[in-house]
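Engineer: Below is one structure. I have some questions about it.
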Amino acid sequence: MSATAVARKRGKPASGARAGAGAGKRRRKADSARDRGKSKGGGKMNEEISSDSESESLAPRRTEEEEQEELEETAQEKKLRLAKVYLEQLRQQEDEKAEAREFEEDQVAGRLKEDVLEQRGRLQKSVAKEIQAPAPADIRVLRGHQLSITCLVITPDDLAIFSAAKDCTIIKWSVESGRKLHVIPRAKKGAEGQSPGHSSHVLCMAISSDGKYLASGDRSKLILIWEAPSCRHLYTFTGHRDAVSGLAFRRGTHQLYSTSHDRSVKVWNVAENSYVETLFGHQDAVAALDALSRECCVTAGGRDGTVRVWKIPEESQLVFYGHQGSIDNIQLINEEHMVSGADDGSLALWGLSKKRPLALQREAHGLRGEPGLEQPFWVSSVAALLNTDLVATGSHSACVRLWRCGEGFRQLDPLCDIPLVGFINSLKFSSTGDFLVAGVGQEHRLGRWWRIKEARNSVCIIPLRRAPRPTAAGS
């Protein structure tokens, strides 16, 4: 029997086994010495490790069954959570769609209400209270005419202005740059082969609602029709027996209304270059005319002291009285209300259902002259921002005055004055109400009763800034 077998039998390890055990003991001693060295030299690292080990030791030990159950529950919960998220997204989408539909319905309802009120002539948007008077330095002055401006119009897109003057010229201006885009020069009487134009004072102009046609009338009884974008002459309408004093296109059409000092009102079809009919009724020279969408127009009768509404299909007219002087200008606010000014200094608001003014403001621009001999300033021009409560008037009182129409157009309250020296012979609001254009001259557009030497014959663009609306608390 070998020594190894005898040693195993006696329970003693063999020499090889003793050597392996001795090596294992030395390895464990070296590891323990290395651990003690680490604990002595790296206390900070030891602290971090012990901290993690403590947290791990505090955590409860879970069995494999518990982990498996948790995995199964987590999968089920995930499915349930995803389903809930999907349903919540669907609910939010439906809520957003409902809100959008409600908003659209509110907008459509509001728009339909506005359209109905506009057709009935009762729409009155409140914008006057937001308007702030501009600083004099903000007013842009465009100079190009040699004599007093008599009339002007703004293109429907608010990008250009046409102005005419006693120098018989028409100038097209850029609103943005203030530069001349085109000049239609004066035409000499009897000269052949010259470009078409006016040979006498241009008293009135009108532009179609699509911006295609421009019409201009002068003291020579002529109405000239122009292609507005290119200023190319198209037609000449003859038929009036005296100076053409008023022009207006029916909105949405190419039907043109004209009036004259011959006391008549004529209807033309510009697209077909044709005359339609003539209406009579005024007892004196007609001074001004205006029209909107309905097949009717309104006129200011000058010295006959009447305002008339002409119903074209019925060939009938409504007569209104209220001013004591000559009614020189008129403007429709909406289909049922209008404003007029006279040389007795009065400003009147009218409703088509009343024969008398709904509101009458006397001495609208104050008095002039020596004490005891005061006379009111003439109201030489009026303008109204369509379907709103904002009105502007001009005179030679060194200012343009803005007015607010009261509820139901039954009151006129002054808002502010915009300093402007000279005769304000024409006023027009832009379609958006962002600016007001004034035609200024040294003389009145219809005569030479006074002359203001310090005035400049010019087109003035007046910006109309609106006061910011107060924000709600907490917004």
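The backbone N, Cα and C atoms fix where each Cβ goes, glycine too.
Nobody curates TrEMBL annotations by hand; they come from automatic prediction.
Among the features that TrEMBL reports, region 'Disordered' is placed at 1-75. What TrEMBL records for 65-74 is compositional bias 'Acidic residues'. According to TrEMBL, the repeat 'WD' annotation covers 142-183, 195-236, 237-278, 279-320, 320-360.
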Engineer: Residue list, the repeat 'WD' (279-320) vs rest of chain: Cβ under 8 Å, 6 or more residues beyond ends.
Structural biologist: 204, 242, 245-252, 255, 257-267, 326-332, 334-335, 338, 340, 350, 352, 354-357, 386, 446
Engineer: What does the DSSP secondary structure composition of the repeat 'WD' (237-278) look like, as residue counts for helix, strand and coil?
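Structural biologist: Helix/strand/coil tally for the repeat 'WD' (237-278): 0 helix, 24 strand, 18 coil.
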Engineer: Counting each residue once, how many in the repeat 'WD' (195-236) are helix, strand and coil under DSSP?
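Structural biologist: Each residue of the repeat 'WD' (195-236) counted once, the result is 0 helix, 22 strand, 20 coil.
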